[in-house]
Amino acid sequence: MRRCSSTRILQRKCNSQDVEAIVASVVKRRFNDKPRVAAGLIRLFFHDCFVNACDASILLDGDSSEKTAPPNLSVSGYDVIDEAKGLLEEACAGVVSCADIIAIAARDAVQLSGGGRYEVQTGRRDGSVSLASNVDLPSPRFSVSQSADAFAKKGIGLTDMVLLLGGHTIGFTNCSLFQDRLYNFDNTGKPDPTMDPLLVMKLRLICPRNSPADRTPVSLDQNLASTFIVDNSFYKQIRLGRGILQIDQALALDPLTNNTVASLANGNDFLARFGQAMVKLGAVDVLTDSQGEIRESCHLKNKPRSTLLFG
């Protein structure tokens, strides 16, 4: 696994500017205006890192780029990264990669939402390949075994998978991703028997059968006092049969993961362990040193530099 470096090194390269503080100022202002931006930034980080590497390939524009893949159509946070990139280019052009900005912004989102602050390694470089056909994110309808296989391909083990899915503590989703659990689970014509019947009744009011469009975002942590807080409430809720996505509920029931879920629900170490898992994800197959590039614009690959020939 290629290694990133300390943010102190990045700071020295950026004319002694505090790179993390610049990113944090943007994230904090956006968060204060709209707390849901935190969930968007964490999701952006995950969707970038899980495809190819943490190389900001999800930011690249194009008719068939990653952001056009169905799982990425609802991804948000691009404007936050753009604003931070603009400020950093003013401070030290060509020094801070878009990939590093995504990682720092995700950490700031966790911290602002009540989670622990963890050190973000830097030194990532930006990739040049972004194809919708490469997007192989684990489906919310996966079984635990299927999800574990997908994470294992990225070098991430079962426990870290459970921790990373704990990011759903401040997540939201749309009716289309769980409506089958309310009306016709596994083509039975009945709701998913593992879902709390009172929750089924509540969600049917939000997501009517055959509703034409996703209207109201649904919190993945059904302790509504904890909707915007990074904590272990998510694990407590799925142990009560109050998971929204199929994979979330399965975590609490499957023998492969139920002990880990119980430990996180009853313990007080989720915040520290979640940060560690985010650091591991942020180091998967990163581009460093002479690999990749530092994009001038996060949406576009750099133009090739012309070479002057002297006769």
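Cβ coordinates come from backbone N, Cα and C, glycine included.
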According to the record in TrEMBL, which candidate from Cys54, Cys92, Cys98 pairs with Cys14 in a disulphide?
Cys92
If you look at what TrEMBL says, which of Cys4, Cys54 makes a disulfide link with Cys49?
Cys54
Tell me which of the disulfide-bonded residues Cys54, Cys175, Cys207, Cys298 sits in the most Cβ-dense spot, judged by other Cβ atoms within 10 Å.
Cys54
Highest CB neighbour count within 10 A among the recorded positions His47, His168?
His168
Between Cys98 (disulfide bond) and Cys92 (disulfide bond), what is the CA-CA distance rounded to a whole number of Å?
13
Alpha-carbon distance [His168 (heme b binding site); Asp221 (Ca(2+) 2 binding site)] in Å:
7
